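J.: One structure coming up, written as structure tokens, with questions to follow.
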Amino acid sequence: MEKAFSHHNHQQCQSSAVSQARELCDKEGVRFTKLREQVFSLIWQSHKPITAYQLLDLIKDGDFSATPPTVYRTLDFLLEQGLIHRINSLNAFIGCCQPGEHHTGTFIICEQCEQAEEVDNDEIVRVIKDVSDHHKFRMKRYVTEIYGLCPQCQSENARCQSAGRESTEEEHQS
Ligand SMILES: [Zn+2]
Ligand SMILES: [Zn+2]
Ligand SMILES: [Zn+2]
């Protein structure tokens, strides 16, 4: 799988995520059913976190007849297996880039293109543990969600701004 904020062939990225999930389910001795695969691959259809409602809509449009409870159960299964994460602030789901490794997840989320990328979080884990220890708090889990602009959106904005400046300069000249 590739990082969201990098140029890559996403179709390959999606299909490698699906085959890795299937392998992990085999290893765990759990079934990667047709519905589980379909929901998982819809979540991986882009690097934008997707809500349960959006998933239900997409599934409804397909030829598969899945009821909301089965889709919610499928999401629970995928979360339990560590194949996807929930982005709490968006109440949406995203595929995990390092499934099989136990971790909670730290995300950088672009407010413009709405893509999210899971980032390496050793340092953040350490700081969060320190804070919890300091307050004698027993941490169970955490989610870190960092909002802003991805590199691509930043350069797009810079291009638009400079194009805007040029056009107003032209107006002044005429
Ligand atoms: Zn991708
Ligand atoms: Zn992950
Ligand atoms: Zn962006």
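Any Cβ shown, glycine's included, is placed from N, Cα and C.
TrEMBL annotations: computationally assigned, not manually curated.
Since we're looking at a predicted model, the values are computed, not measured.
Among the features that TrEMBL reports, Fe cation binding site is placed at His102. According to TrEMBL, the feature Zn(2+) binding site maps to Cys110, Cys113, Cys150, Cys153.
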J.: For the recorded Zn(2+) site formed by Cys110, Cys113, Cys150, Cys153, name the remaining residues of the chain with Cβ within 8 Å of the site's Cβ center, in chain order.
T.: Phe5, Glu111, Gln112, Glu114, Gln115, Leu149, Pro151, Gln152, Gln154
J.: Cα-Cα, whole number of Å: Cys113 (Zn(2+) binding site) versus His102 (Fe cation binding site)?
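T.: So the alpha carbons of Cys113 (Zn(2+) binding site) and His102 (Fe cation binding site) sit roughly 28 Å from each other.
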J.: Among the binding-site residues Cys110, Cys150, Cys153, whose Cβ has the fewest other Cβ atoms within 10 Å?
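T.: The binding-site residues Cys110, Cys150, Cys153 were compared, and Cys153 has the fewest Cβ atoms within 10 Å.
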J.: For His102 (Fe cation binding site), list the number of other Cβ atoms lying within 10 Å of its Cβ atom.
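T.: Result for His102 (Fe cation binding site): 6 other Cβ atoms within 10 Å.
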J.: Relative to the Cβ position of Cys113 (Zn(2+) binding site), how many further Cβ atoms are located within 10 Å?
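T.: Taking every protein chain into account, the count is 17.
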J.: Just the number: how many Å between the Cα atoms of Cys110 (Zn(2+) binding site) and His102 (Fe cation binding site)?
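T.: With the alpha carbons as reference points, the distance is 25 Å.
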